[in-house]
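K.L.:
Sharing a structure here in structure tokens format.
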Amino acid sequence: MEGKGLVKLFGFLFGVVSLYQLSFTYISNETKDRARVFAKNKVSEDEDNYVEERRKKELHYLDSVSGETVYDIGITSFTYKEVEEKELNKGLDLKGGINVILQISVKDILRGLANYSKDPTFNNALVGADKASEGSDSNYVDLFFEIFENIGENVHLASPSIFATKSLSGDITFDMSNDDVKPIIREKVNASIVSAFEVLRKRIDRFGVTQPNIQRLGNSGRILVELPGAKDIDRVKKLLKSTAQLEFWFTKKNVDVLPFLVKADEMLQDILPKEKSAVKEEAVSELDSLLSDVANDSLEGAKKRPLLDLIVDQSFEGAPILGAFAIKDTATVNGYLKIHQIRTLLTETQKDVKFVWGKPKQNLEVVNLYALEYNRQGRPPLSGSVIENASQTYDINNNPAVSMQMNGKGSRIWEEMTGRAYKERSNIAIVLDNVVYSAPSVSSGSISGGRSEITGDFTLNEAVDLANVLRAGKLPASAEIVQSEIVGPSLGQEAIDNGINSFIIAMIIVLVWMMAYYGIEGFFANIALLFNIVLIFGVLAGLGAVLTLPGIAGIVLTIGMSVDANVIIFERIKEEIKKGKSQARSIADGFNNALSSILDANITTGLTAIILLVFGTGPIRGFATTLIIGILTSLFTAVFISRLLIESRLSKKRTMTFDTPVIRKLIRETKINFLGARKVAYIVSGLLILASLISLSTKGLNQGVDFLGGRSYQVRFEEKVSPQELSFQLKKALGSVEVKTFGSPNQVKITTKYKVEENGDQIDNEIQTILFQKLQKYLPEGSSYDTFINPGEDKHVGIMSSIKVGPTIADDIKINSFWSVLGSLAVVFLYILMRFQKWQYSVGAVIAVFHDVMLVLGVFSLTYSFMPFGMEIDQAFIAAILTVIGYSLNDTVIVFDRIREYTGLKIKENRAEIINTSLNSTLGRTLNTSLTTMVVLLSIFLLGGDSLRGFIFAMIIGIAVGTYSSLFIATPVLYDFEKKNQKKKV
């Protein structure tokens, strides 16, 4: 081998760098282990809530050493914080945490650019774009432009009532055409989304999660946020969704607005359906006393008061609080106050009032209602844009608060506002995202200097997050979570354990098999294989790539492919030895002749992996990443490292046979007439495809949440449960619901489309409440709602993970999946056409792949109803299909390569004999590789965890039918099309 010294040097450096990169993961884990021991010694299991207390102690320990040196390699040293940043990234399914896709409202951005125009054409176009975007993959802005031009023949985008506003006067003038305005608006919208991305990035950077990932998804206004290791899910959601729209408003005094509430209540008694039940006698309240001048305080014979009876507490006279209401009644109160007849009761001095709820009180299910002094423009006297800095502090009662510093302009306005509030003895409401956080009075004159403080019923984390959000700035538009995946840390640890176990067992099986089959040469292949694994993990760590559970599956699959490369080489060397060549010549020719087949096989698999990387998201991209890295490193180790070891033994004049006595006796040269059996194979395959088509058209497929939209929850119990019984309990409340055993009999997956069109924490909380209430009797005694829904380190009962996918996202996933499969077929067709220069080769390969995909789909359609594991059609299944395509092509290309070689050598005159000889000569490699890969996959299937079983099952079926199709479909189809083409020429 030429350049032997260079290969040795490169291999040595590559290995050292990989071990160096992995060393950070080792040091980081060692430090975390010390933190766990520290926490365990400090907090006894006898203490209340010891799990949470230990977690706090653990975090405190890690914070205390974050700036200390924990890794010293002589020439340089690293602190724990630096080590943690360089460790191997673990994905959600291995570490726990949250993964969300946020949809920035492009509609809000357009409304803001148009200065919240009242123009009917503009607003109708927005409504039309909303409807059109639900079933379309088109850009929202393009849909808006299209609908605007269809409904507004005489209205232009450059109208002063639309985009030719004062704020856009430097970009848009009245004489511009629609085509002139469109690129400007597109640019402004894109700039707003970039701004939203930067705001979110700043917030996440300050949140304190290690190795976060945030990225834009195309031009759709969607932003992907992955926070592995995040445990406080509600806190994360609030941090991401908060627009940070900070406003300062004057408040109305309750004595000025309460007469309106009394009149509204009287009108409601007349317009609402009459209550049959009599009102219980009750004492005269403070509110009745306060309003005695405008209402009769006697309740004798009175009707039930629809509005006033909802007040559970009142404030002092002259306060900005109208009353306290139960949180569950806020929607009812909002509905009453929006009724047109009720709004007409407002007097001239009350017309400018806006009713806003306060921040709910901790541990109390009540919230205060405020009346703000509003204006027609809807613009506050002072907004958060003047905030220069914000920090978490403590108020005079030592409760968490947020201190703010304003710029010069803000300081002047704040001085004027506080001066007016002091003179009028009124209050100033501090409003964040349409919620009143506090409404302080001014007791000592106007406040200069621009400092202010937000106080309220804060926890320390809430105060810290609010300060971070205000420093990062406001989002330019509202953001909705349209897809989310939440994995508890205990489930992540289980995934790691299962993944490692399956990985180790698969490795042992492969290593033993290679030694048993090839002897000492198999040992050399094993060394190359182990080195390959070190390189894969080293590259992953060095690139900062994320290791996911499907990523581990990709690595294990790479083991099979690495073995395949060595098998191809060793089988070719054995063929050269049989021809009577010397040992040195046989090894050289074997490596050279195998190279073409290895490259073709790996390139076709690599192309499908690249398509997965482009169209996939989350864990699927992790799978594609590890597969691509594995393909490159396995090529290096199989072609160069294996050869280096073999030639080293050759230089010592040692004999090498590339087999063992046992294998020599068992494996004989085959002379199977594959083409002679092709008609039977066509009939068998035709019947199987027909059965698959019938099942697909009648039963269909079990489409997962990824494709249909909805919410899915993995729930675990202490004892075995009946899915049918749970389904019966839940259907009453959720309507459409599916409950299936997921892995062990004490675990189920609950999928529902209940309120799938609606987003927001309220819907998530509503469904989780229903789940807890309906499933409570199956949970251990004393289980609380919080322990049921929240993730925890040692959690073994309750919601272990959850996924939410909005219908629009689901449509996009379907479209991407379709294009990924179609794209992989097209790319492979073109590559094979380019490599083999005959369209018959491409047709044979594509028909074989179509055959494999149809059979995998058919098996899933026929068996999903009774299999004891999840067989949903989701993104992971599409990844499995694409991997099957790559693997099937791998087999097929090896055979095609041998046919091309034998055709060039003209070892046979008859085309059928050339093809049969080629199939027989590669049969050992085909079966060897398929069996080792199958054993590896079975190891993952049995030990790799519940979430992977459907994914791996699809690959097991795909590899079985792929091996069959490469022998009995692809090559026979090639032969028949060649015959047909020759007849036409004749």
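Just so you know, glycine gets a Cβ as well, placed from its N, Cα and C.
According to TrEMBL:
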- 196-249: domain 'Protein translocase subunit SecDF P1' (DOMAIN)
- 379-477: domain 'SecDF P1 head subdomain' (DOMAIN)
- 478-645: domain 'Protein export membrane protein SecD/SecF C-terminal' (DOMAIN)
- 795-979: domain 'Protein export membrane protein SecD/SecF C-terminal' (DOMAIN)
- 7-27: transmembrane segment (TRANSMEM)
- 500-520: transmembrane segment (TRANSMEM)
- 527-546: transmembrane segment (TRANSMEM)
- 552-570: transmembrane segment (TRANSMEM)
- 591-616: transmembrane segment (TRANSMEM)
- 622-646: transmembrane segment (TRANSMEM)
- 680-698: transmembrane segment (TRANSMEM)
- 817-834: transmembrane segment (TRANSMEM)
- 841-864: transmembrane segment (TRANSMEM)
- 876-896: transmembrane segment (TRANSMEM)
- 927-945: transmembrane segment (TRANSMEM)
- 951-975: transmembrane segment (TRANSMEM)
K.L.:
Can the transmembrane segment (622-646) be said to touch the transmembrane segment (552-570) if we require at least 3 CB pairs below 8 Å and skip pairs under 6 apart in sequence?
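P.N.:
Contact criterion met.
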K.L.:
Cβ under 8 Å to the transmembrane segment (527-546), counting only same-chain residues 6 or more beyond its ends: which ones?
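P.N.:
Residues packing against the transmembrane segment (527-546) from afar: 11, 14-15, 17-22, 24-25, 86-91, 211, 213, 226, 228, 507, 510-511, 514, 555, 558-559, 562-563, 566, 622, 625-626, 629-630, 633-634, 636-638, 641-642, 645.
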K.L.:
Looking only at residues six or more beyond either end of the transmembrane segment (500-520), which have a C-beta under 8 A from one in the stretch?
P.N.:
526, 529, 533, 552, 555-556, 559-560, 563, 566, 570, 649, 656-660, 662-663, 928, 932, 935-936, 939-940, 942-944
K.L.:
May I ask which of the stretches 7-27, 876-896, 951-975 has the most CB pairs under 8 A with the transmembrane segment (680-698)?
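P.N.:
Comparing 7-27, 876-896, 951-975: 951-975 has the most Cβ pairs near the transmembrane segment (680-698).
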K.L.:
DSSP on the domain 'SecDF P1 head subdomain' (379-477): how many residues come out helix, how many strand, how many coil?
P.N.:
33 helix, 32 strand, 34 coil
K.L.:
Between 0 and 100, where does the mean pLDDT of the domain 'SecDF P1 head subdomain' (379-477) sit?
P.N.:
80
